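Engineer: I'd like to ask you about the structure that follows.
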């Protein structure tokens, strides 16, 4: 995974520049207001800082739609250019008005980076380390702040500190960022798939994953183009073909056969129709079509549903996790009797058969009539069914034939313990004719407690022989993303799937924003962004030197001859330095303990730190004690903030939306972020003058209490889940919530 890690590090430099700018303006404003005589004009002082936030807000309003149209990489390149130009203009700045213009341009660059870097990393990172890599922007931002504070502190010791140089230095690292975005960063493979550029997406994925076989993930990216509208949850018992065979059992017309990549390697899956063996929210939905609160009536059903996936899985007897799931057959394996192999991108020239394209080999990937994924023949009730033009079917391995009355399924691993599978089902229509349907399945192994092990042996038709090996799996079953009823009506043999580029040509699906799952995800994303901002972090960061100076930190360093301004800048730099190991801990825990756990564990510390700040500013505890407690509390606040509330809102917003509307939805959440940032930053000087530090931190403490309740009731755990599965869960959970309201 070295490729994905290096790409994430390079992309996060955009956040390093944001952190650099935040710290530089926090120190430089001490000298800017002296030159322009702004000591008695806190509103103008606030505007100098907030102008970059205004720029970020303006560009965020359309950045998501533009990123969905032209790609993620061009927007990151534009961000680097804007950073560079703003640094040059700030270096010049003959007047406060030119400075305000430079800060506006700087805000444009910041807005693009903050909005799109988490999105870009989420779309390129492997599922198992997505949280770790998406914490890199927070680490880079804090690292940039520390380096900037070191520079500003050094310059503050000079006889005449030059704030223009402080701000203009930004152009140097922005050049490095520009070079990386142009010459190193690839385009997001998910965006490429959404535009039908399959060959390029495959090459990018191969570079990111460091392996040639990326078939499973490519199929997953195609499935991610849909928005779950009819997803249902089912429950299966899966075991080796010889274990769950029909020996002594009554025939089961609903059984499904899973085929492996090697001849003779197969399993049988049987739907569980009786009492659920899983005992989780997944099992409850699959059995009853609804979900109970499980003793937590205030908790959102979506949270309960996600939590059921992360319940500790006991060691079940004869678990086949190491034998069954890693060996599910790839849908790209081709039967031995096939005459030619079909690649995902269909770039090889096809001649002399029914799969030939009207286009040349160079542009065949844009041919809507060429096979999207593969072509093969599979036996269906004794009939040979060939994948038609523009169709997608799972290759079920050598000698693959359907069991009598059963269904054929192929599957592959997609990360986080999930498997992607497809099945072809048939039913008798009202006119007596058989109707076919193609369904996509996301499978996830589940465990049961010891006292429930016996219940899973009871399957429709009889009992499994003792000592058998089996796996219980919850399944998200839905219509494939690119399923085409229009093509099916042309009476093509098999399930017909349109090419992604054809779907894209129809324009953005704005109606998807009103799907229950998307609306619910927007509520979570917007809510957590609002609460993050009104917890006061950005206002505190921008004005850390002044806040600490007002708190009396100059007393702590007066004996070494530092001025109050230099002392406050030094304390800010040391505070930022302490953030880095805290973020390192968060990076380690993000994919182990999870996002939700970190939020619930760190927000109470924020409340305590803010309460101490209120106390020392209300009670007269002496100058030295006041300065010491204030400094310790601010450090605690920052360190625990960057472990949870700092990176996680952006991580969540980059994970919970479908591919087709991800850019737009993230832009909506980012717009909320910047509006809140402007309000907090612009009003902080006024609030400090009006109600003092005690009042300001008291408000922040109340917001943190509200945030804790919001996270507990509304924010689900998304660790270790593919992005496409996350969106399906939001769809199912939102519909369950609507059903119970």
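For all residues, glycine too, the Cβ spot is worked out from N, Cα and C.
Copying in the features that TrEMBL gives for the protein in this structure:
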- 7-719: domain 'Major facilitator superfamily (MFS) profile' (DOMAIN)
- 43-67: transmembrane segment (TRANSMEM)
- 74-92: transmembrane segment (TRANSMEM)
- 98-121: transmembrane segment (TRANSMEM)
- 142-159: transmembrane segment (TRANSMEM)
- 165-185: transmembrane segment (TRANSMEM)
- 339-367: region 'Disordered' (REGION)
- 342-362: compositional bias 'Basic and acidic residues' (COMPBIAS)
- 564-585: transmembrane segment (TRANSMEM)
- 597-619: transmembrane segment (TRANSMEM)
- 631-652: transmembrane segment (TRANSMEM)
- 664-684: transmembrane segment (TRANSMEM)
- 690-712: transmembrane segment (TRANSMEM)
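For each feature listed, report its degree of burial, its nearest neighbours and the pertinent distances within the displayed model.
Structural biologist: Same-chain residues lying 6+ beyond the ends of the transmembrane segment (165-185) with a Cβ under 8 Å from its Cβ atoms: 7, 10-11, 13-14, 16-17, 20-21, 24-25, 27-28, 73, 76-77, 79-81, 83-84, 86-88, 90-93, 102, 106, 109, 120, 144, 151-152, 155.
Within its own chain, the transmembrane segment (631-652) has Cβ neighbours under 8 Å at 114, 118, 122, 131, 134-135, 137-138, 142, 524-525, 528-529, 532, 535, 537, 540-541, 544, 547-548, 551, 553, 556, 571, 575-576, 578-579, 582-583, 585-586, 589-590, 595, 598-599, 601-603, 605-606, 608-610, 612-613, 616, 669, 673, 707, 715, 718, counting only residues six or more beyond its boundaries.
Long-range contacts of the transmembrane segment (664-684) within its own chain (CB-CB distance under 8 A, at least 6 residues past either end) are made by residues 46-47, 49-50, 53-54, 56-57, 60-65, 67-68, 111, 114-116, 118-119, 508, 513, 518, 521-522, 525-526, 529-530, 532-534, 536, 538-539, 542-543, 649, 653-654, 657, 696.
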Engineer: Is the transmembrane segment (98-121) packed against any residues at least 6 beyond its ends, judged by a Cβ distance under 8 Å, and which are they?
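Structural biologist: Distant Cβ neighbours of the transmembrane segment (98-121) are 7-8, 11-12, 14-15, 17-18, 21, 25, 32, 47-49, 51-60, 63-64, 67, 72-73, 75-76, 78-83, 85-87, 89-90, 92, 130, 133-134, 136-137, 167, 170, 174, 185, 188, 650-651, 653-654, 662-663, 666-667, 670, 673-674.
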